[in-house]
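To start, the structure under review is shown below, and the notes come after it.
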RNA sequence: GCCCGGAUGGUGGAAUUGGUAGACACGCAGGACUUAAAAUCCUGUGGCCAUUGCGGCUGUGCGGGUUCAAGUCCCGCUCCGGGUACCA
């Protein structure tokens, strides 16, 4: 009987399902281990071979941990809300819930065929009301909490109200949108509406007028991580800046904790670095510059307070509130025009014209508090309203943007830092600002002669003494815009009374997404929910029309898996205490600045509330590399329907066109199939090369439908089986590396499985396995494999595990070893990688329970050591011959044996031995000259 | 620009702490079995030179260095990939 993967895989997948093998529960007698995959967004295209890479790795690890005695939680679900389903709904009128359900079903079928050990009983879908009830619940909690900087955690907003009632803002130190100042009396005299407005300034989930990324084409605002290079990540549509009243989450309050937490978790350095950059902590000073002939003060943030004597002008962001207060009547017209002009520029235009400086003089002057000099205040969009105070002191000599601005508008430049080993230079000769990280100060009054770090300290002291500013830490991380003007997302549990937002009572959750007639904004320009009939509370108050963004549903799903059917809480204390946190999270690095920040924030908030017991949700995180596609091209001669083969194309003017890789084998085009592929090519003609072949070009690109290079796992499974797919994806190379999909090596791993099979049965299907005692050689092969594979799984080196299996099976085949004592442990080792074939053989050996619960074999040291060591003997570092010696040979014996070996003569002749280096068990190196 | 990765045969890759570079697999070449094919098995396979034999030289992107010994460590570059960018 040959290895029949089709029958075997179907049979055992059914068995696992029937026996509920993968369902887990709290078991206090066993340690827990939580292995999580980033759940997929179920797109219409289905899974391609890139998706399962991480899933296979995590599945191997889960099975390995389970076999090692852990109670393993390994769940899966679907990130089911999102833009593509809604865009599709707009085009077809089909309800996104229907397409989403169809796509999920297809994903599920594809996943099931690969043989994953998911506990599907714990499946979550973010669009399921039973699930999003808890997304809404968390939002309500955020609405009713504020961030207390003294306690350094979220506290109930009731506490803040109490403080307002007794002492106003006097002792309040809370994260807020705008610094407010009022007395208890003033607070008590405010109307309810005014009080609510004040509270929004402190709530962790708050509504405020903020500068947002507005994408007209998608008809919605986007968060910072959803925009790149001035266009939306989904769809690539232009994005502009606009002030809108939007929900935001005060994630910036957690910036420091999000940064510090990185030091406590086991993530790749690159991922941590991306998050650190995104959080963007910078230490500096806030300094107040009074405005001349006015009581307005200009507060600026700088990391280089020491260069303050080099300030020759100030710059305000066009959006800054100060602009209106300081602009002089003579300059007003010009300033207004500039502001209108900058508003019209899209984010993309701003970015593409980085080098071109624009700006306008405000007419006002600021006074440098250190030397009392007057400097002009300019307005320019190179200063961002959202960072720091939206105003800067410009030091053109040492900042290239300020330098460019000064040159454009002919403003003076004063050098204040001279780099080590240089002389003060003539600034008019410079073509860029001078680096000022190291050096000493000049033209700087009391700072003259000081080194940069000393000067920074002195300036800070001075600022504090004179009370003209303060030392301050700034973060780049902005609050997360949380509203989307979209249909297919979680509704906010919010209604409006007198224009102010209030949350629904928890008992009214979930607030279900209503049906609407069209998935488009209303005529009045309201979001799609404006079309819903009766979209109001039972008391008649209108409900929020925005929905939540994609990251809402994925921010706490890892907690829900711990207790997915609980309708009383997001997660019970008992379940959370047991499962605690994710021990291993595998997923792509593309979520570094989105999901992985939001989820950490969300978790920390719940930690502050005492809902969860761990401050960090993902203890270890491994990024799997991308599997890229290998695309093929045909070359059409411009203006014709004639295609020219790859090696002849240089003689023609051609356009490369992607061709579906299923029409190409080893880069040779199947011409007939190509003609049938599209009516456009029915009458195509071809210029062929030698052998009448049409050779295609190729490139490694992203795997995507539009490139016609998608490889579907179902086809591979059909041809080779799931076990081969699993092994091959691992064999391809290190998990974390990106690599193009190429089926060239797949025969090798398939052959390996057949070879493994043949250790157990002969051609007729008769079991060959015997109960004979294994000899030392066989035990050595086994135990070395156990040691190697165990170690390699622990360090996520799955590709080397596969080669270790191959070596082991090759050696056992050579020895014709069919002994149970060897083969049984070997099966267990292979089972996490190839669960189906090993389950079949396991049962053939007479077992009746699943191999997944067979205890992981332990290697025995006595088989790992050899009695002898084959020493490489080198002369001056070059290996010349090998010498077999007893493992316990002394250094002197080794030296003697090496020097007396006959092969050594040749290398010793006419030379003097200077030194002999012996590393026992490793190497002998003889230094001669 | 800045930050982080990476570069090893025809190909994917291995070498975990500085200690035999190229494991394992693909591909290729030759052979066995077979009427034939498939399947399977065996041999060879970095380059150059010598092949009558032992063998020798060279070789991990480039240039230098440390060391008895460097793919691995240090310095300087080149190229590729990723992140980020008027962040003061």
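A Cβ is built for glycine as well, from the same backbone N, Cα and C atoms used for every other residue.
Within the listed segments A:697-701, A:702-706, A:707-711, TrEMBL records motif ''KMSKS' region' for the stretch A:702-706. When pLDDT values are averaged over the motif ''KMSKS' region' (A:702-706), the model yields 76. According to DSSP, residue A:705 (ATP binding site) is assigned to a helical segment.
Most Cβ pairs under 8 Å with the domain 'Methionyl/Valyl/Leucyl/Isoleucyl-tRNA synthetase anticodon-binding' (A:779-892) belong to A:11-273, among the candidate stretches A:11-273, A:276-461, A:701-728. Close to residue A:705 (ATP binding site) in the fold, though at least 6 residues off in sequence, lie A:45, each with a CB less than 8 Å from its CB.
Long-range contacts of the domain 'Aminoacyl-tRNA synthetase class Ia' (A:701-728) within the same chain, counting only residues at least 6 positions beyond its ends with a Cβ under 8 Å from a Cβ of the stretch, are 5-6, 8-9, 45-52, 56, 59-60, 110, 113-115, 626-632, 658-661, 741, 743, 745-746, 749-750, 752-753, 802, 833-837. Secondary structure by DSSP for the domain 'Methionyl/Valyl/Leucyl/Isoleucyl-tRNA synthetase anticodon-binding' (A:779-892): 62 helix, 18 strand, 34 coil.
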